[in-house]
Every structure is written in structure tokens, then in C-alpha cells.
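Peer 1: Below is a structure I'd like to ask you about.
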């Protein structure tokens with residue numbers, strides 16, 4: 001892609017995200033989401049592969065439908081209440097339409113169908129943007145409108161997302177699809193606590209972004225797209241592959257790694273709210289995700305390629321690991337052990 005086109009897309013992404021997260025008027029939030037959608041489309045389709053074109057088409061259609069619902073929701077609320085403020089969402093139909101629109105944009109169950117296919121047709125860098133940056137504005141709108149949303153509906157969608165994200169990731173061999181279903185499962189954790197502690201939703205999203213970004217950067221460095229390739233990736237950069245295993249376990253939520261912190265806080269808050277059954281259910285569903293994270297970690301560090309099958313020799317590469325990858329992997333592994341010190345200082 002032309003460097004000028006990349007610069008325009010990156011600037012538009014930054015502009016659209018900034019407009020949405022800083023606005024308190026529905027029309028400005030909608031404009032920011034539209035700028036984001038138009039900015040990411042060239043990045044998805046830049047390889048000119050049929051799968052990339054298909055992914056960009058699916059992304060455009062689903063995001064256009066979600067934006068239409070969001071605009072209709074805000075106009076309905078303004079019609080009945082005279083308010084365009086995001087925090088003043090009072091009409092029940094507007095709340096239902098907003099929940100549907102944001103769920104489509106995030107990829108929550110039952111509106112998840114587009115997300116794995118779009119990630120599979122995109123490059124690793126674009127997948128990183130779709131799984132992290134593009135979810136920030138909708139999460140922010142959920143955060144601002146959280147007092148007006150239906151807790152029963154959100155809880156059902158959260159449980160369904162955690163279940164389907166873990167279940168569908170079990171039989172995947174494409175790493176981008178595994179990470180897509182991982183994102184859906186993590187969105188279930190963020191959504192289930194949204195009504196009771198919106199700040200905790202943002203905390204979970206930030207930590208998920210750090211850990212997922214570290215994984216995408218490592219996969220981009222080792223040029224790994226499938227499980228079969230990952231089985232020989234350890235010959236490229238052995239220390240980085242070991243760190244990759246720890247980062248995967250952190251994303252799975254195993255203590256004492258960073259990924260355990262948001263799950264621990266969410267379970268604690270749900271228990272305080274008297275929702276013990278809900279906390280137990282979503283904790284048990286996270287075991288499904290733990291299985292495919294462990295499978296990825298096993299393939300990355302323990303599995304040796306069988307000698308009787310021809311495979312391409314993966315020579316060690318001299319591609320340097322940038323400082324961003326080092327910082328993100330360190331945070332995704334060591335942030336939980338350091339968190340008591342951080343809380344003490346703050």
C-alpha cells in the first residue's frame with residue numbers, strides 16, 4: 001500500500017476513535033464510528049486477495065447495519081425525550097436498539113458471525129487493529145450508556161459469548177480464528193460486569209488489549225499463521241517462543257500472570273452483587289478457552305515436528321524484536337505480581 005494512503009488511514013483511525021470517545025452527542029459519536037469504518041476498509045482489502053475482498057465486504061455490510069441501528073436508536077430517543085446526550089438514553093426501544101448496534105460492532109453473540117471471517121481474511125497488523133483499536137469506541141459507548149441498559153439481556157449475551165467463544169475455538173487450526181473466538185470470549189467477561197462496575201469493564205479491556213497486542217506482535221515476528229507452522233516456529237527465535245507461551249497462558253487467565261487480574265476482579269464483583277451462580281457459570285466456561293490456549297502453548301514450545309513427514313526447515317531469523325513487543329510481553333506477564341505495588345503507590 002502507498003505510504004501516503006497508510007498515513008491517511010492511520011490518521012483517520014486516530015481521528016475517528018478520538019471523536020467517538022470524547023463526544024457526548026450521539027451524532028458526533030456516530031460520525032466517529034463511520035470515520036473508523038471507512039479508514040479500516042482499505043487496510044483489510046489492501047492485499048487484493050479474494051479472501052481479503054470478501055472480508056472487507058462482510059465488514060462493511062455488518063458495520064453499516066450497526067451504524068444504521070445506532071443512528072435509529074439515538075433518533076428514537078431524541079424523538080421521545082428531546083435528548084441527544086449519550087448518558088440520557090431513557091426510552092426502552094432505544095436502549096434495545098443501542099445494545100443490538102454495539103453488540104454487532106463488537107462481535108458479541110449472537111452477532112459474532114462476521115468477526116472470525118474478517119480476521120481470517122486480514123493481515124496480522126490489521127487483525128490487531130480489528131481486535132483492539134476498533135473495539136475501543138463501541139466499548140466506550142457501552143460504558144457511557146451503561147446505566148440505561150438491560151442487565152438481563154447483557155448477562156445472557158455475555159454468558160453466550162463466553163460459551164461460544166470457548167466452544168468454537170476448540171477445533172480451529174488457523175491462529176487468527178482462534179484469536180477471534182478468544183476475543184469473543186473475553187468480550188463476554190467485559191459485558192457481564194458492565195452494569196455493575198463499568199470501570200472494571202474498561203480495566204478488563206485495557207489488559208486484554210495489552211496481552212492480545214503482545215501475541216499479535218510475536219506472531220507477526222515469527223510469521224506464524226497456522227498450528228502446523230507454529231510447531232516448527234520454535235527453531236526461529238527460541239526465547240521469544242518461550243515468552244509467547246507465557247503470554248498465551250496470561251491471556252487464558254492463569255495466575256500469577258496479568259490475565260488473571262481482570263477475571264479475579266470480575267468474579268469478586270459479581271460475588272459482591274450476589275450473582276454467585278453467574279460468576280460460577282462464566283468461570284467454568286473459561287475452562288473451554290483454557291484448553292485451546294494450552295494447545296497453542298503446547299504446539300509453540302513442546303511439540304517437535306515428526307521426522308517422517310517432509311516439512312520446510314525453519315531457519316533461525318535475525319529479524320529484531322522491537323521495543324514495543326518487549327514492553328507488551330513484559331506487561332502481559334508481570335503486571336499482576338507488580339499490581340499491589342502499583343495500587344500502594346497510587
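Placed from the backbone N, Cα and C atoms, the Cβ positions cover glycine too.
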Peer 1: Pick from 203-221, 298-316: which range has transmembrane segment per TrEMBL?
Peer 2: 203-221
Peer 1: For which of the residue intervals 96-115, 116-135 does TrEMBL record transmembrane segment?
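Peer 2: Checking TrEMBL against the ranges 96-115, 116-135, the transmembrane segment one is 96-115.
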Peer 1: Under 8 angstroms for C-beta pairs, at least 3 of them, ignoring pairs fewer than 6 apart in sequence. Is the transmembrane segment (274-294) in contact with the transmembrane segment (233-254) by that rule?
Peer 2: yes
Peer 1: Please give the sequence-distant neighbours of the transmembrane segment (323-343): residues at least 6 beyond its ends with Cβ less than 8 Å from one of its Cβ atoms.
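Peer 2: Sequence-remote neighbours of the transmembrane segment (323-343) are 207, 210-211, 213-214, 217-218, 221, 243, 246-247, 250-251, 255-261.
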Peer 1: Relative to the transmembrane segment (178-197), which of 57-76, 96-115, 152-171, 203-221, 233-254 accounts for the most Cβ pairs at distances under 8 Å?
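Peer 2: The stretch I would name here is 152-171.
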Peer 1: For the transmembrane segment (57-76), which stretch among 96-115, 152-171, 203-221 has the most Cβ pairs under 8 A?
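Peer 2: Counting Cβ pairs under 8 Å, the winner is 96-115.
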